[in-house]
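Copied over from TrEMBL:
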- B:68-260: domain 'ABC transmembrane type-1' (DOMAIN)
- B:12-38: transmembrane segment (TRANSMEM)
- B:72-93: transmembrane segment (TRANSMEM)
- B:105-129: transmembrane segment (TRANSMEM)
- B:135-156: transmembrane segment (TRANSMEM)
- B:185-204: transmembrane segment (TRANSMEM)
- B:210-229: transmembrane segment (TRANSMEM)
- B:241-260: transmembrane segment (TRANSMEM)
Amino acid sequence: MSEVVVSARSVSKSFGNGAGVVKALDDVSVDILQNEFFTMLGPSGCGKTTLLRLIGGFEQATAGEILLEGEALQDLPPYKRPINTVFQSYALFPHLTVRQNITFGLEMKGIDRKKANARADEMLELVQLAQYGDRVPSQLSGGQQQRIALARALAPAPKVLLLDEPLSALDLKLRKEMQVELKRLQTETGITFVFVTHDQEEALAMSDRIAVMQAGHILQIGAPEEIYERPTHRFVADFIGESNFLSGEIFSSADGAWSLRVEGVGEVVLAQESSTGKLGKVTVSIRPERLSLGHESEQGTDRLKGVVANKVYIGTDTAYRIHLGDGQPLLSVRVQNANGVTGHFSEGESVSVCIPSDAARVLVD
Amino acid sequence: MKVDTSNPLWRFRGVTSAAMMFFAYLYLPIVVLIALSFNENRLATIWTGFTTDWYLVALGNDDMLRAAGNSLIIAVSATVIATLAATLAALGMSSGNRFRGEAGVAAMLALPLLVPEIVTAVATLLFFVALGVKLGLLSVIVAHTVFCIPFAYLPIRARLEGMDPSLTEAAHDLYANEWKAFRRVTLPLLWPGIMSGAMLSFIISLDDFVISYFVGGAGATTLPIYIFGMIRMGITPEVNAVSALMLLVSILFVSVSFLIDRIRY
Ligand SMILES: Nc1ncnc2c1ncn2[C@@H]1O[C@H](COP(=O)(O)OP(=O)(O)OP(=O)(O)O)[C@@H](O)[C@H]1O
Ligand SMILES: [Mg+2]
């Protein structure tokens, strides 16, 4: 059972005062576990950096508290918190060599020079830049600076490492490499990583758990599969991957099953656990790849009728847009091409769409 | 001169000659002054032959050396105090510390650059007299410190503005308290600006005539005042030699200041 390392309790943070007040965080609570790769994901301005800076001690919460291993951090300045940060701009000290950058934190902690240098070499080894110790930061590429920033932050062996969009300045290829690298470093060092990004793919690929944020709130916290397969909010389903949203009414039929009735289209059966247990008007989210198409003659309680509005071949998949009925948004369906699908459908053709009972997730809002 | 043809200015006729004339206007008098400092003839305007004797005469002149000594004491003291004050002011005014009336304070810091020197000189003199301060080296040092501050402040401030605020945060993040972060990160990064500001102050102080003349009194003759006195006796190559030496010192300092300010990490 993992222990909680960092915990935010009903944290709020406002900037400015009077009419110009901005509420960057609004009653945010989260527990981050030991040895976890925890990601805060959300669009620009949702408060990710603010939460990170509160944990680091660079900002003070307006309300609520932040605990480190159960102890309130409120009055501790950043230099007394066993937490290190990889800054978005890297913030390497330009007047110091790479090695001096890495030993900086160690020296400040009072570790003697010899040990500090040994540790720096170890860190340089870890980020695979062993020969670069005597250079100054301006002689390094962006990706190398990034690694040094990591090495510097990891050297004092903090309890928590905060990373604010550390990969955003890198090009795509390097970014992919560094994603793997970061994940490896996290596993090898066993340090809790709190990672901030607005890139959903990055978040899915690297995280043990993800907190999806919007406008100062955390909407959902969960493992990548959970966030992707079982989004609780429309915003989450929309922000991560592509999703269909169907509005309808849930009712319980005579045999005890739960069904969704979509006005003017039809009814489908929902799995018990995909509903939040509420009856009445709801919106459900359905991932396009969970849907499949069949001949219009195929019928069942898990099917809706529709007409192919358009189809686009995109290599691995074919993306269909299905017209269900007037006033309903087009339903997006992804069919894998290699999978020996039940025939290909052409535009204007009538089809039946199969919605597996556990594919539709009822959203809370 | 290498002509940058991408600059549309070069399409106009006469740009080159106008530029030449401009530079001649600026520098010809100085060139003539230096040339005549090597003139053998006692009458500075008639060339009769080359000599370096006037430099020896100048360097052997006790009054001149005393004036130079005064200038040096004043310039060094004013520079040290002004640079220290300017550094503290720049740190206090840095973007991390917003406060009410900040724009006003910034304007006040730069104001001495705009007030006519004669006004400052008269005001300072009256001020000292009203306070009953004895005029001498000390009063000149105080007056010089005041007008040196903006010159020291501007390059330091510029450095500080250009500094990534996350560097200080990174230092704190890496367990450096306020003082250590300042000592190990802020100060080294600010250092070129501080040096550059100090050198500018030094030159400005060394160069000053009007204020020194007003608040100096008898005991505090500075080099510019001494040169002014010599000229009233007639222009000799010795004056030229002293001026040329001063020019040399100025150029040296300004160049070093310029080079230091260009240090980029
Ligand atoms: N120092 C500040 N003063 C005033 N407002 C601020 C300050 N810092 C952040 N904000 C505001 O708080 C909100 C959240 O900002 P924050 O930097 O946490 O967003 P973010 O999620 O990190 O965004 P991004 O992905 O663009 O970095 C924004 O509306 C921002 O304008
Ligand atoms: Mg941010």
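Here the Cβ of each residue, glycine as well, is placed from N, Cα and C on the backbone.
If you look at the transmembrane segment (B:105-129), the same-chain residues 6 or more away from its ends with a CB under 8 A from one of its CBs are 89, 93, 135, 139, 143, 146-147, 149-151, 153-154, 208, 210-211, 213-215. Among residues of the same chain six or more beyond the transmembrane segment (B:241-260), those with a C-beta under 8 A of the stretch's C-beta atoms are 30, 33-34, 37, 54-55, 57-58, 64, 192, 195-196, 199-200, 202-203, 206-207, 223, 226-227, 230.
Contacts between the transmembrane segment (B:135-156) and the transmembrane segment (B:210-229): present, as 3 or more C-beta pairs lie under 8 angstroms, all at sequence separation of six or more.
Here the transmembrane segment (B:12-38) has Cβ contacts under 8 Å with residues 1, 3, 44-45, 47, 50-52, 54-55, 237, 240-241, 243-244, 247 of the same chain, all six or more residues outside its ends. Long-range Cβ contacts of the transmembrane segment (B:185-204) within its own chain (Cβ-Cβ under 8 Å, at least 6 residues beyond either end) map to 75-76, 78-80, 82-83, 86-87, 90-91, 147-149, 151-160, 163, 167-168, 170-171, 176, 250, 253-254, 256-258, 260-261, 263, 265.
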